[in-house]
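Heads up: the structure comes next, in structure tokens.
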């Protein structure tokens, strides 16, 4: 009988009762291996080891009662094998409520707790696996966005190079059209000066035809010149204000009362060409006058207008391309329009104002107003015209007048169904 008692005593000395280590994590078990005494973990007190987990709080840090609710500052460790381990306040130990999924906190209560750690662990693992799949997919999409961003950047760089090339070409065209307009204006000015100097100067300068001058003097277009027609349109070079007398007119008509084209070419034409005695009266701009009827002046005027129109078109195209190079425009429908320079300075071109489309398509045009003030007063504003397209994109931006912008916004939203005309029926 004594032998068995000795064996039992040896067993007790070699191992710690499981009751003593309840509520301890594996990292803290080294503090609970003492056989005769226990040092509080905070080092404040040494107590007999038998007082560990005896349901009486001896240590201020509660370390002597990890498995009971005796200490107000104590913590109970839920091992929760198969799920996440965690600590609970020791006050919840044996309180009749299952806090640990392995039911270890209710080892001495009336509660009948089930071990749910495995099921919770399965759900946790499924959730983590889902999160990992989401992360993998997110990383894949991120890489895709990076690759798309690189392609977009390269595309924008290519567009920028194209725009810069277009700008250089337009610069050449701009200089050429400026030169042509200058030449056209100079030719027009020379024509007008020649006209103001009299018909002799005009005839010499423009090499006008005999027929055109004859028709100019022939007011009633009957094919002959009369005394009254000569008096009405021919004056003395040195006395333009005085009307020719009838004798002076007859002299110019070679003493005849009428003169046809053939005789005009051999007589009066030479006198007018010299321009030393008489000239055609200066009635510039009046109906039937030299300035309004002369074909050379008309041609010079048309050429000047044509070159001015061409120059304006090239200037607009050049300015539009430069605006695309210098600025980035952002349109936020029903909010605002902004302009951002290459230096990063952002300017408001207007806040949402109203719809201003025509009655038949009221929602085809938007106005953004009260943008940032201009340098010389007034605020910036933008008119946005919506056009039908297969993609949503800002197609063009122009500034026809200072701080007044026009945008072409292409979007499928602007597409309208084609209405069948009344009275027209399909035979199909």
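Note that Cβ sites are derived from N, Cα and C of the backbone, with glycine treated the same way.
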Open item on the list: Quick test of your reading of TrEMBL: among 27-68, 69-110, 111-152, 153-194, where does it put coiled coil?
Closed with: 153-194
Open item on the list: Looking only at the domain 'MRH' (314-417), how are its residues distributed among DSSP helix, strand and coil?
Closed with: 22 helix, 54 strand, 28 coil
Open item on the list: Using DSSP, what is the helix/strand/coil residue split across the domain 'EF-hand' (205-240)?
Closed with: 17 helix, 6 strand, 13 coil
